[in-house]
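Student: Sharing the record's features from Swiss-Prot:
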BINDING   543, 544, 576, 578  Ca(2+) binding site
DOMAIN    210-596  domain 'Peptidase S53'
CARBOHYD  265  N-linked glycosylation site
CARBOHYD  403  N-linked glycosylation site
CARBOHYD  572  N-linked glycosylation site
SIGNAL    1-16  signal peptide
């Protein structure tokens, strides 16, 4: 996970703004480039960039009121999820707002055929030279010394004052952050003779050393239950960073661990040029982990692997980086694709095992994408995210130029409209796994649905870690599942994988099972889960009171760079909600009794 430690840059550019720029207003400004990123040259003026412009809603509370109305048990609209057309009507800006923005673009040199009005978003393509004139900025090529990735970016951009109140953000401009699979980097071939192991050895008792579907079924009370094949209970799995789910590996996995599911498969949703190449040399561990446990735990459900392009090959000529590598923003591509699907094609559950430190992303970007998760929630999608694998933090310092010691919340796990999944390990007792991320958002205030649970934890915590986190921020994770040493087939071999990236798909499959249970009784799918979990559903989870997370060791676990050290930094598992396992792990039978 890249950490932003800022270094000063482009001060002379800021000081040399022409007076004609005074009619413009700055939308976003970074003091300097992120840690590990350095400027390597000016951007090619002819390079074409595809931009996303998010229109600021005149009444942002309307979306939030709607998602809580359809997601909070007891309210009159509970379960009455919106159709896509109803959501479009809710979000559509005034005609004059869109026309004003489009007029600015065309008058500034953007060709009309390069503009696409999508209601609350406007997409436009133009070259760097035109973009610089439009946004009163200068684009440069920045290189990340850790990954060798290069991107065309800027540190500040502006729009005319006359439309500034309508522009929430334009990207890619100031977005340097890079998604990472939420695994704890424990990837090792399993030496156990799997063929010689009996079915009993794959049971809950063996979760101590190896997690399989049989282990999870017994531990979480699923038994032999499978979902029914129906169009209104689909599961989506997010794929990024050229991770491709392999059909052959899934078949090997099912043959060994879920023989009754052999022959079941998944479909593909390829977004913005995304692929799902079979048999290639690239990494497939994360994708295989996700698909094998989602299909294995709910094999009759319709499962789709949504593969979104967003990072191409390395660029040999850094002054002219490859467009596909540097300027395609995969979260926005995926989310905009999903919210435009007809309701009968939407997944009821979406599992994603990727994230980044919250502070490494522009504030406008986290707000805009979090709102897109809320939009999915209004249409009945349970959005599941892994909480991360850095405990309270990895670098444990701010990126505002002050380098202050601070815990690092993870996004999108910190968005209040997703359900964040922490990690556990072992049985009898099941306990928090040390890498499970959690904490409190520095961007999003604590939602009301969390108040009672989180205030109770903060009272127990007292002054410990005071000043290192925001006690009024959205707290995460919400719940947890096993996260250590999952048996996964990858490239034909068994591998052990650890991380909350494993916890998320396991939980997604269990939520799909709960949806199946409700649909069989004539009730709608659960949709956005958190208001139910925090009001009543928590009693269907097993409270985890042993173990805790750890972090802030003095070195960033991804870059290896020296960082802040906080002795004994940890969130402990406690009675009730805590920021390492949330309310705990699922008990399927108990959950069926507290469903709305």
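Note that Cβ sites are derived from N, Cα and C of the backbone, with glycine treated the same way.
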Student: Just going by other Cβ atoms within 10 Å, which of the binding-site residues 543, 578 has the emptiest spot?
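Tutor: Checked 543, 578; of these binding-site residues, fewest Cβ neighbours within 10 Å: 543.
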Student: Please report how many Å separate the Cα atom of residue 265 (N-linked glycosylation site) from that of residue 578 (Ca(2+) binding site), as a whole number.
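Tutor: Computed Cα spacing between residue 265 (N-linked glycosylation site) and residue 578 (Ca(2+) binding site) is 37 Å.
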Student: Take the C-alpha atoms of residue 403 (N-linked glycosylation site) and residue 572 (N-linked glycosylation site) and report the distance between them in angstrom, rounded.
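Tutor: That comes out at 26 Å between the alpha carbons.
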Student: Return the residues near residue 576 (Ca(2+) binding site) by Cβ distance under 8 Å, restricted to its own chain and a separation of at least 6 in sequence.
Tutor: 453, 456, 457, 543, 583
Student: Give me the sequence-ordered set of same-chain residues, not including 543, 544, 576, 578, with a C-beta within 8 angstroms of the centroid of the Ca(2+) site's C-beta atoms.
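Tutor: Leaving out the recorded residues gives 545, 573, 574, 575, 577, 581, 582, 583, 584.
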Student: Any idea what the Cα distance is from residue 572 (N-linked glycosylation site) over to residue 544 (Ca(2+) binding site), rounded to a whole Å?
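Tutor: Distance between the two Cα atoms comes out at 10 Å.
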Student: Please name the residue among the glycosylation sites 265, 403, 572 whose C-beta has the most neighbouring C-beta atoms within 10 angstroms.
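Tutor: That would be 572, with the most Cβ atoms nearby.
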Student: Would you count the other CB atoms within 10 A of the CB of residue 544 (Ca(2+) binding site), including those on all shown protein chains?
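Tutor: The Cβ of residue 544 (Ca(2+) binding site) has 27 Cβ neighbours within 10 Å.
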Student: Under a three-state reading of DSSP, tell me whether residue 578 (Ca(2+) binding site) is helix, strand or coil.
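Tutor: Reduced to three states, the DSSP call for residue 578 (Ca(2+) binding site) is strand.
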